[in-house]
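Accompanying notes for the structure given below.
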Amino acid sequence: MTNVLSPMIELGVIIPGTVLAYFPIKKHLKVSRLRLFPILISSLICLCALCGFVCYRYNLKSFVLAIPIVLALSAAYCCSLKTSMWKSVSVLLAVCGVFACIASITRAVDSITFPQNTTPWFEIKSAVLFNILCWMFVILAWYPATHGVSELLDDENIAQTWYVFWILPIIFILLNFFIIPWNPNILHTGRIMQGYIVISVSLLVLLLIFYALLYFIAKSLNRNNKLAQENQFLNMQRAQYDALKGAIEETRQARHDMRHHFAVLNALAEQKNWEELEKYLSSASQNIPDTELVLCKNHAVNAIIGHYYSKCKGNGIPLKLKIDIPENLTVSESDICLVIANLLENALEASMKLDRNKRQIKMYAHPHSDSIILVSVENAFNGDITEKNGIFGSSKRNGDGIGTQSIRRIAEKSGGYCRFSHENGIFKADVMLHSQN
């Protein structure tokens, strides 16, 4: 009976591994945790018991059946999430890498404690120890997984990081497979056991150090990206401020020249020289400066929209605006600016691919209540669009569109929502931003 339970318990580490994999990504679930976890955990228990029995019946190493279980679990894991496959697979491999190192350490303990064990799996006490070590790691990793790692997964500014991260855990998984002795008795030859223990512990420590380094590097990249965005917004505001100063100076000069214009007009009127009067009026009206574009009371939002208004005007793109954003907001001002900048950038990019007579952008933004801001953007596009599970692909590169993903993340992090739709050559984005208080 004990021999039957050993491979079952050994395979049972898949359960804490699954729990850990969902910690950082729980906000991206397609279904509620109350519905998902009872079904998932009960299915894994049955699967581990069945595969453990197969291992016992045919005298197989447990990892032989652990591989197809993990592959099936990976497919279910990716299907249960509203995030990119790169992130999902990277999280799973990160967990597998750590558990592979813990398995190597447990193998050394099992070989020392039960040198007479000739079965292709751990003794039952070692299998229990394996589970305890894995659950201990899950508990220790809970806070960094649900806070630090979760923030990195939510941040679309460093999405490219996940395209290469998976390589690291893959290397450590392969290294742990490579050091598995096909004959357990080899570990008791000379100083091989001491070397095996040192290598196993070193692999785990090195992997955790690499994880920590990559985390801090990603955090640094994220901070730099945010600083770059803030710098971009400041440059937009500075440009608007310079334009405003220029407009004020032109208006002051125009007022100063006004009495001279009236004197000339009065003289031409007295002479009844209507032709010259008409020419002078036409010439003077052309020299009247354009008034500065003031769209709303919020200076930051006004600067962002003013920047894209100038770009649209320079590219011959009609931009219809209806903006009513108050100066004082309960919704994060930086979030509003990021959403508006991403929406208008995407709309501008799509419009540039069209003939000039087909270009058009409409934008509406207004408060729905004291704690809710609604933003809507419509633009014509060429009909070429990539969409999978509600996630739109980027037209600049392979992979998911960072702009739309960033908008979704900003909206959903405070309980808001975003919706993207396209029909008859018109792409529409509706975003609700909610106060975080």
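Any Cβ shown, glycine's included, is placed from N, Cα and C.
Because the structure is a prediction, the values reported are computed rather than measured.
According to TrEMBL, the feature coiled coil maps to 217-254. Marked as domain 'Sensor histidine kinase NatK-like C-terminal' by TrEMBL: 334-433. Residues annotated as transmembrane segment in TrEMBL: 7-25, 37-56, 63-83, 89-109, 121-143, 163-183, 195-218.
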Beyond the flanks of the transmembrane segment (7-25) by 6 or more, those residues with Cβ under 8 Å of it: 33, 37, 40-41, 44-45, 48-49, 51-53, 55-56, 62, 65-66, 69-70, 73, 77, 81, 83, 87-88, 91-92, 95-96, 99, 102-103, 121-122, 124, 127-128, 130-131, 134-135, 137-138, 141-142, 145-146, 149-150, 153
Chain residues in Cβ proximity to the transmembrane segment (63-83) (below 8 Å; excluding those fewer than six residues from its ends, i.e. six or more beyond): 11, 14, 18, 21-22, 25, 28-31, 36, 40, 44, 47-48, 51, 54-55, 89, 92, 96, 103, 153, 177, 180, 389-391
Remote residues contacting the transmembrane segment (89-109) - C-beta distance under 8 A, at least 6 residues beyond either end: 13, 17, 20-21, 24-25, 63, 70, 73-74, 77-78, 122, 126, 129-130, 133-134, 137, 149, 153, 162, 165-166, 168-170, 172-173, 176-177, 179-180, 187, 193, 196-197, 199-201, 203-204, 207-208, 211
Averaged pLDDT score, the domain 'Sensor histidine kinase NatK-like C-terminal' (334-433): 81
Contact call for the transmembrane segment (163-183) against the transmembrane segment (195-218), three or more Cβ pairs under 8 Å: yes
Helix, strand and coil counts within the domain 'Sensor histidine kinase NatK-like C-terminal' (334-433) (DSSP): 33 helix, 39 strand, 28 coil
